Structure formats: C-alpha cells, structure tokens
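Notes follow once the structure below has been shown.
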Amino acid sequence: MGGRCALALAVVSALLCQVWSSGVFELKLQEFVNKKGLLGNRNCCRGGAGAPPCACRTFFRVCLKHYQASVSPEPPCTYGSAVTPVLGVDSFSLPDGAGADPAFSNPIRFPFGFTWPGTFSLIIEALHTDSPDDLATENPERLISRLATQRHLTVGEEWSQDLHSSGRTDLKYSYRFVCDEHYYGEGCSVFCRPRDDAFGHFTCGERGEKVCNPGWKGLYCTEPICLPGCDEQHGFCDRPGDCKCRVGWQGRYCDECIRYPGCLHGTCQQPWQCNCQEGWGGLFCNQDLNYCTHHKPCKNGATCTNTGQGSYTCSCRPGYTGATCELGIDECDPSPCKNGGSCTDLENSYSCTCPPGFYGKICELSAMTCADGPCFNGGRCSDSPDGGYSCRCPVGYSGFNCEKKVDYCGSSPCSNGAKCVDLGDAYLCRCQVGFSGRHCDDNVDDCASSPCANGGTCRDGVNDFSCTCPPGYTGRNCSAPVSRCEHAPCHNGATCHERGHRYVCECARGYGGPNCQFLLPELPPGPAVVDLTEKLEGQGGPFPWVAVCAGVILVLMLLLGCAAMVVCIRLRLQKRRPPAEPCRGETETMNNLANCQREKDISVSVIGATQIKNTNKKADLHGDHGADKNGFKARYPVVDYNLVQDLKGDEAAVRDVHSKRDTKCQPQGSSGEEKGNPSTLRGGEASERKRPDSACSTSKDTKYQSVYVISEEKDECVIATEV
C-alpha cells in the first residue's frame, strides 16, 4: 500500500511540474581536471584506504540564482540547486546521459515555472569527500575549486560552451535554456498546445501563434469557414463547407429572402415582404394595376413604373425632365463656351462655335504660333503640325506657357516634422533631432554608445533611450544603486535617512528600536535617531535593552502596588477583630460561642468526631500525664492525626504556648493540674498513645458526642463540647 501511494505521489508531482514549468535550464558538466589532487587550501586530499595519496574523490554543488552584479555563493539559490554524487577522482570526463550512478544524469536540469528572464548567476563548487555517503557541502575545508559567474542567455537549442580555470583546476561545461513542450517565445512565456476539439482546431507556429486547421478561423480557431459565397449575415455553419440559412432566408447561399406567405406577383428585399411587380397591387400583389401599360403617360422615351393604386413614376432619359419627362434640358444655360464662343443646344449635349484665333471643345485653345513668343521663363517653343504650339519648360517651371514655377516642397517630401528648403532646381530636408537621411525617415540609434551601465538593457526611442535595469540598480543609466529607504523600513511614522550603504530611522516621539517598531513608556523630548548598520549587512541588530528595562520596571511597580494593597487590607482586618474572652467553664457550651473563645481565631470548623482528620501541623501535642488518659483517640479509634514529624526546633516555643493555653482553658471547679513533660507523637506511637484530657475536653461520662475544633491559627486546642 505504501509503495502504491509513493508511486501515485511521484506521478502527481511529475504532472504538476509539467503543468507549471515553462522551460528548463540545462547544465552539462563535460570535463574536470585536478592534476595535483589538491584542495583549495593547497592541502592534499585524503584518498582513503587503498587509494593513492592526493586522490580527490570529487562531487559538485551547483547553485543557479538570479542575476547579481557581484555573485554571492551563499544561499538562497533562487532558481534551484543540485548536489551530484561522487563523479570521479582528480581528473575525469563526464559522458552525456545517465552514468554509472543512477542518481546522476548529465545534463543537470533546472525546471522554470515562470518566464525566463534572460540573465542568471551560476555557482559550481567542486568538493572532496572521504566517503561517497557523506556529501555535505557546508565544510569549507572540502572545497577544491569554485566557479561564480553571471551570464546573458537567450532561449535556444544550441549549447553555450565555457571553460573555467583557477590555476590548479580546469572545468569545462556548457549550458542552454530550452522551452518545455507547448511553450514558445523569447522567454518561453507563450503557451500553445495543438488541439482539434470543441475548444479549438489549430496547430502552433514557430513563435507559438495559433495556426488554424483548414476550414476554421477566429482567435481560437473555433469558427468554421462556411461554403464560399454563403452570405455572412444571413447564413451560418457548424462545420466547414456548410451554409445554413437563418430564419427568413433561403437558397444555396442564403441570399434569397422569403416572401410574405400568399404573395403572388411580388418580390422582397427583406424577409416577409411582398413588393408587387409592375401592373400588380393589393396585399398579396394579386390585383392588376398596370396603369403604364394602359395609359402610357411618360414622354420622350421615358420608362413608366406602376406604383399601385393607379399611380406611376417616369424615369426620364438624359436631357429631359418633368413629371412625365416632357421638358428638355438646355445644356447651354451655364454658358460653357469661352473666349466669346457661341453655344448650340443638342440632345443631352452642346457644341461651341469659336471666334477667330481660338479653338477647342469650349474654345479654350489659342491659335497663336511660336512667332508670337508665347513661352515664358526661357521656355523653348515648337509649332505643332496640326496647328498651335507647345512650350518645353526649363527646370523649375511648368504650365502650357511655362508660366508656373515648380514648387518642390509642395508634395511634402520630408518626413517626421522636417523642414523642406526649396533650392530652385531641388530641395533639401532639415531633419529634427533624432532623425537622418535624405527624407529624414531614419531614426538615429541612441543605444549605439551603450549608455546603460551594470548590465542594463537599452531600448532606442526618438532622440532618446530607456534602460531596463537589473535587480539592485535604478536611474536613467542604471548607475544608481537602489535606495535603502525605497521599501519604507521605518515604522510608526518614522523618517528614513540614507547614510552610504545603510539607512537610519528617525523615530517619532514614544517609539524606539532599529526600525522604530517598539513603543516606549516615556522618552525625553526630541526625536530619537537609531543607527542600523549590522542589520543591513545581514547580521542581527543590538539587543533592545531600553525596552526590556522599561518592561521590568513596570512589572516591579505593579508587584509593589499589589503588595502594599494586601498589607493595608490585612491591617484593617486585624483592627476590626474582637478581643478574645477567657473560658468561663464547662457549663457554657461551644455552640453558644461563650466558652473558650480564642484570641486569634478567624474561622472555626466543626467536624463530627467519627469523620475528623486532624490537620494541625504542629510537631507536638502536650497534655497532663497525671490525668486520666481517656482522650478522644481512645474513644474514637477511627480518628487519624496528621501530625508533622521531626520539628524539634520549635519544642520550647510549643511547650510555652500549650502551658498558657491549658491554664486559660481550666474550669472553675478544678482542683489543680499536674504538670508533666510534653510528649511528642511520632509514627506508630501517635496512633496508640491516648490523648490526655484538658480543660477544654468534655467528661468521658457525658452523653453528648464530642466534636473537634480546628482553627487556622497556630495555637489550636482540642475541645469537648455539647452538641
């Protein structure tokens, strides 16, 4: 079951990589040379058992990251990293494909899930290991050589060859970036997968553009191409080569409208029309209304058209007008003849009779000859065999008599806002800044001087250029590092100031910390300036002693306030406590609160004799050895005394307290008391020794049940009473 789950997980991971990746960076390690078998620190490699001295068992660590002007070999490897197994000893060559170790395949592939940026930084470290199972890369003592470089790379199938030499070692390698299947373009960002289903019918071109299959069109090739000639508005198709008519249209090409149902002698321009033919009328064109045939109202060969209900229209021939074309048009009305010519009206035309010296259709031509000198501006005159003359004009002039000066700038030959200068027989274009050429149509390449610094990409404009800067640089020429304050590192309204390669936060009142992120209890007037240097260098900032001390002071003040409040409450309770009264005798019971009221009792617990457990934590119980030992424990053997043992240091104090308490609690009719040494109950003796009768205990012959009174004070006594 576990094997199946692992297999399914591997398949899902492979599918996700195929879906998310757009291209693959491939690195091919070809040859590594370490002739002397030395480490980077010039020490000899330990070859291990059976190996020759200075035999470096070499494996590689590869780190691919974004473009850095100064390549750092430290993580993170933003584009990916790989550690190879041991590939050889000292100098060796690596073949393509899978080698002897199944864990390594040449080339090493780094899949990309985003657009290829065109630049990268590459770190290749050759390291030595004593054991093939120990491939740790953190120990700098294992380093043989390190390659750290940055490159520009375009997408393509060709490999870029490179050789790195460090004096003692040589590494020959090659690399390329290729698009994954279905990805195209300069950055492998154009996705195109051929398909032939309901969502499209296309293949993919070289740049990832969709090429529709024959018979399909549209953005995603989902629109079929209908039968040639099928009306685009009135016809449609679901498959290529079909032509289905929309409602109201018919015919092979869906270009014939459907007439109104019942229309007999009519036509239609739109569906459901019935436009009657000549001589027919009515709703269904079934009524003969041929007025023109029967009456012939139109004159002069005009065409008559019946319009229904006995009306008609006349289409006149050229040269006639009027409702029935009865009026002829006089073409001589606008006086078309020039130079005094006379006009004669003809049918749909006219003719001009010219005076002497002029000829032409409208008498516009002169009958002069070259002898009359008709050509101006140095034009050369030549007589025509049919009469008249012609002038051959010099450069810069035109017209029938060379009377017009040629304007070379009239056709606006200059482009892009250039100024045209007429030179008489030629012209000159004065170009705007940024353009060149005869007609100022060539844009000057402003990127020719490589104005972009730090690896920036230049884009030419009109008398201008723009730079696309690599990460870490900005400005017009990519020459300025990114401002440390650009991302607003200071919080809570603080002001950020740059100081070389670091920044300083000027905190607002009441805040502190490297980035003004801590709220302080109180601060002296004026802004606080915090210098942050180590943090910008990748190290941790100083410990916030001010904030910690302020927190400790607040906690101590709170504890002192609570202690003072407790002391005040205890003093008030002691002042309100009533004074103690001496015991008055056995005749007054405990339930009436008159017998043996102790001086410092606050609370009294009354517990049945058969259920009591003595919680008094005194070490000793003192009694009269001469009295009758018929105490509470003897009469109630189930009672247990929880006595603290081995408190010998307080024996003297306990003895005095109990002596005083016995005196105070003695009844009035007592004949005396016998004093004895106090005895301490320990271990099993406490359960066997009988408790002596005291002045506060009841008589053993009483018929009332004894109770046990436990006080929270230190001077407790066991009292027998009536309940």
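Placed from the backbone N, Cα and C atoms, the Cβ positions cover glycine too.
Note: TrEMBL annotation is automatic and uncurated.
The annotation signal peptide is assigned in TrEMBL to 1-21. If you look up TrEMBL, you'll see 177-221 marked as domain 'DSL'. Feature annotation from TrEMBL assigns disulfide bond to C179-C188, C192-C204, C212-C221, C316-C325, C354-C363, C393-C402, C431-C440, C469-C478, C507-C516. Here TrEMBL flags 545-569 as transmembrane segment. As annotated by TrEMBL, region 'Disordered' applies to 654-703.
Within the chain, the domain 'DSL' (177-221) has long-range Cβ neighbours (under 8 A, six or more residues past its boundaries) at 18, 21-26, 111-112, 115-118, 153-157, 239-241.
If you take the CA of C204 (disulfide bond) and look 10 A around it, the disulfide-bonded residues you hit from C212, C402, C478 are C212. For C469 (disulfide bond) paired with C188 (disulfide bond), the C-alpha to C-alpha distance reads 21 Å. With respect to C393 (disulfide bond), the closest of these disulfide-bonded residues in Cα terms is C440, chosen from C221, C440, C516. Taking every protein chain shown into account, C192, C440, C516 are the disulfide-bonded residues, and of these the Cβ with the most other Cβ atoms within 10 Å belongs to C516. Sparsest Cβ environment among the disulfide-bonded residues C204, C325, C402 (other Cβ atoms counted within 10 Å): C204.
Close to C221 (disulfide bond) in the fold, though at least 6 residues off in sequence, lie G200, H201, F202, K210, C212, N213, each with a CB less than 8 Å from its CB.
When the alpha carbons of C192 (disulfide bond) and C402 (disulfide bond) are compared, the span between them is 66 angstrom. Nothing from the disulfide-bonded residues C179, C363, C402, C440, C516 places its Cα within 10 Å of the Cα belonging to C316 (disulfide bond). Across the range of the domain 'DSL' (177-221), the DSSP-based residue counts are 0 helix, 20 strand, 25 coil. The two recorded residues, C516 (disulfide bond) and C363 (disulfide bond), have Cα atoms 99 Å apart.
Straight-line distance linking the Cα atoms of C354 (disulfide bond) and C431 (disulfide bond), rounded to a whole number, equals 53 Å. When the Cα of C188 (disulfide bond) is compared against those of the disulfide-bonded residues C325, C363, C402, C440, the shortest separation belongs to C440. Closest to C363 (disulfide bond) by Cα-Cα distance, out of the disulfide-bonded residues C325, C431, C478, is C325. Among the disulfide-bonded residues C179, C188, C212, C478, the residue whose Cβ has the fewest other Cβ atoms within 10 Å is C212. A simple way to gauge crowding: the CB of C316 (disulfide bond) has 21 other CB atoms within 10 angstroms, across all the protein chains here.
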